[in-house]
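Enquirer: Take a look at the following structure, please.
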Amino acid sequence: MATLKVPASVASPAEDCEQLRKAFTGWGTNEALIIQILAHRNAAQRKLIRETYAATYGEDLLKDLDSELSSDFQCVVLHWTLDPAERDAYLANEATKRLTCSNWVIMEVACTRSSFDLFKARQAYHARYKKSLEEDVAYHTTGDFRKLLVPLVSAFRYEGDEVNMMLAKSEAKILHEKISKKAYSDEELIRILTTRSKAQLNAALNQYNNQFGNAINKDLKADPKDEYLTLLRATIKCLTCPEKYFEKTLRLAINKLGTDEGALTRVVVTRAEVDMQRIKEEYHKRNSVPLERAIAGETTGDYEKMLLALIGHA
């Protein structure tokens, strides 16, 4: 897993807390100091800062950041300061609410995290919301969406590279048979997509391409306006080449009439310590523009500075 670059001489958590406290006091908030500290600390360091801050000042750093900051800058800093599992739990919970519902965000969390990270997100969901992620997803979705999303968020896939080629060939045939019959929510198709390891799934989809002459996502474009099929294609992309999925998400967020700051913030914050370098390369290849320049052209002020720091441009 890629980690955020941290300066060679990083201050201690106590020193960071002292500086953050200074950023909150006096006339106005010192946003530059907040970026200088938090944008250059990895998840383990940010956790220590939060713990030290609570022990030293008897207050919650997140609450102080919430009261001192505003708008998109507030959102990106709060999301970044959260523990990754807490953040995923929060994103998934927001995605089940009526006004902010998003099957895409639920699918994204389920398909682009490691099995252990998804498990930790489910634990964090229990702790924060006193119920399970699975029950909320089941309650707030219906029909084919529910059939797909509940097993996706419940999954604990094998993470190894071992592949059974006989199984890959047979499951490629099953997938082709179901798609040919337009049985897009068939339980066998969903079983394969929601339980197989990513390596095994990649092997099955390569077999699908070799045996039937088409990439599976091309065969799933029978009805471009079908929302379930669109989500199913995105699921496959997330499981097999997440950098392409995130490149497209960023492209749509940036090129939208009125930037989609929610999607932009979510992708930068959740991928900065995972695969941001690959996403940046994919973005440049697809758009002939560096991601840094695209973000700088669509954002301003402290929000822009924080995003650029997180993608390693600072």
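Glycine is no exception: its Cβ is also placed from the backbone N, Cα and C atoms.
Got these off TrEMBL a minute ago, pasting:
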- PHE24, GLY26, GLY28, GLU68, ILE254, LYS256, GLY258, ALA296, THR299, GLU304: Ca(2+) 1 binding site (BINDING)
- GLU298: Ca(2+) 3 binding site (BINDING)
Enquirer: Using a Cβ cut-off under 8 Å and a sequence separation of 6 or more, which residues in the same chain sit near THR299 (Ca(2+) 1 binding site)?
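Expert: Set apart from THR299 (Ca(2+) 1 binding site) by at least 6 residues yet with Cβ under 8 Å, we have ASP72, THR259, GLU261, LEU264, LEU307.
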Enquirer: Taking only same-chain residues 6+ apart in sequence, whose CB is under 8 Å from that of ILE254 (Ca(2+) 1 binding site), what do you get?
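Expert: LEU264, ALA294, ILE295, GLU298 - these are the non-local Cβ neighbours of ILE254 (Ca(2+) 1 binding site), listed in sequence order.
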Enquirer: If you count other Cβ atoms within 10 Å of each one's Cβ, which of the binding-site residues GLY28, GLY258 has the most?
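Expert: Highest number of other Cβ atoms within 10 Å: GLY28.
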Enquirer: Name, in the order they occur in the sequence, the residues of the same chain whose CB lies under 8 A from the CB of PHE24 (Ca(2+) 1 binding site) and which sit 6 or more residues away.
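Expert: Residues satisfying the criterion: ASP64, GLU68.
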Enquirer: Give me the count of other Cβ atoms within 10 A of the Cβ belonging to GLU298 (Ca(2+) 3 binding site).
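Expert: There are 18 such Cβ atoms around GLU298 (Ca(2+) 3 binding site).
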